[in-house]
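A.B. asks: Supplied in structure tokens, the structure appears directly below.
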Amino acid sequence: MKSLVLLLCLAQLWGCHSAPRGLGLIYRQPNCDDPETEEAALVAIDYINQNHPWGYKHTLNQIDEVKVWPRQPSGELFEIEIDTLETTCHVLDPTPVARCSVRQLKEHAVEGDCDFQLLKLDGKFSVVYAKCDSSPDSAEDVRKVCQDCPLLAPLNDTRVVHAAKAALAAFNAQNNGSNFQLEEISRAQLVPLPPSTYVEFTVSGTDCVAKEATEAAKCNLLAEKQYGFCKATLSEKLGGAEVAVTCTVFQTQPVTSQPQPEGANETVPTPVVDPDAPPSPPLGAPGLPPAGSPPDSHVLLAAPPGHQLHWAHYDLRHTFMGVVSLGSPSGEASHPRKTRTVVQPSVGAAAGPVVPPCPGRIRHFKV
């Protein structure tokens, strides 16, 4: 009898250690197109667009999988996998992502893949973990829909850099306001016929007057940040190059005093990195955040890549590297995949094929 009691105690002890701390033993798998699942996915999309410092906003394309874990003493943890698509709105553009156009296949679309964990507490979602990567569509797939469409070019290609600088000079020459400096080359394509370079880039306003500025080095960025987004084409002609440029200047952004991590205000170069290089470490010391930290405090952002090497787009993996946020449910990295008990959503008996709950619908197109 004593042996039986001891065996039962050991079994209970093993069960306690095998479950993730702070999470229940049973998870549920709602439908990927349920309103609650989509709400969680849209919070994840907002998180990407609010924290990705370079390139373009992303929009939700498909929800691949979702698991919901009960969390002790309250709340639920949503583990969700989503596919995203790049839009034509830059991350500095204040336009809501719902009003941004998705970049089409013939324009050389970019797809993102993300794993998120979101804590739902008192009806509100907050991100506690984010890991993403993104990549342009293959050249073969672009050629299938448009044989002559140009592909993405490396952002530091000499022709691209020359086109961006020439376009900025042309914009400043016809601008009666502040002188603008080049902030980031965001996207570029080399067009074979007619020979031309298409480039998109961002600019930032300075305290110099455009018509009077002679040395950019003597100009300082405005205290209230003012950014603009430009599209330009530099065409090669017999008589020389011809530049066509249009810029949209966004409203100034007031300075807000917020606590910053150590080294956050240091000047960093325009991020263009080698895709084969290892990812930069995240800001702050590696390791797990302390328990009891504010749920809206995050340490997910990576240090900006600093090497100007061949790179055609700003990969999400350099920003969302899978570091646990300070708002993690237990203050540590959770691993809910260890527990395999699952509760499927109830489905009544009905004639016809059973539709799997996941993956969900494709909102735009598959890359």
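Note: Cβ is positioned from N, Cα and C throughout, glycine not excepted.
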A.B. asks: Among C219, C230, which cysteine is annotated in Swiss-Prot as forming a disulphide with C247?
C.D. replies: C230
A.B. asks: If you follow Swiss-Prot, the disulfide involving C132 connects it to which of the following: C114, C146, C149?
C.D. replies: C114
A.B. asks: Per DSSP, what is the residue tally for the domain 'Cystatin fetuin-A-type 1' (27-133) in helix, strand and coil?
C.D. replies: 23 helix, 56 strand, 28 coil
A.B. asks: What is the interatomic distance between the Cα atoms of T319 (phosphothreonine) and C89 (disulfide bond), given in whole Å?
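C.D. replies: Computed Cα spacing between T319 (phosphothreonine) and C89 (disulfide bond) is 18 Å.
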A.B. asks: Out of C114, C149, which of the disulfide-bonded residues is least crowded by other Cβ atoms within 10 Å?
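C.D. replies: Candidates: the disulfide-bonded residues C114, C149. Fewest Cβ atoms within 10 Å: C149.
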A.B. asks: Taking the disulfide-bonded residues one at a time (C89, C132, C247), which has its Cβ surrounded by the most other Cβ atoms within 10 Å?
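C.D. replies: Highest number of other Cβ atoms within 10 Å: C132.
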A.B. asks: By DSSP, what is the split of the domain 'Cystatin fetuin-A-type 2' (144-255) into helix, strand and coil residues?
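C.D. replies: Going through the domain 'Cystatin fetuin-A-type 2' (144-255) residue by residue, I get 21 helix, 53 strand, 38 coil.
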A.B. asks: From the Cα of C146 (disulfide bond) across to the Cα of C89 (disulfide bond), what is the distance in angstrom?
C.D. replies: 23
A.B. asks: Which ones in the same chain are close to C208 (disulfide bond), with CB under 8 Å and 6+ residues apart in sequence?
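C.D. replies: The list for C208 (disulfide bond) reads S178, N179, A216, K218, C219, given in order along the sequence.
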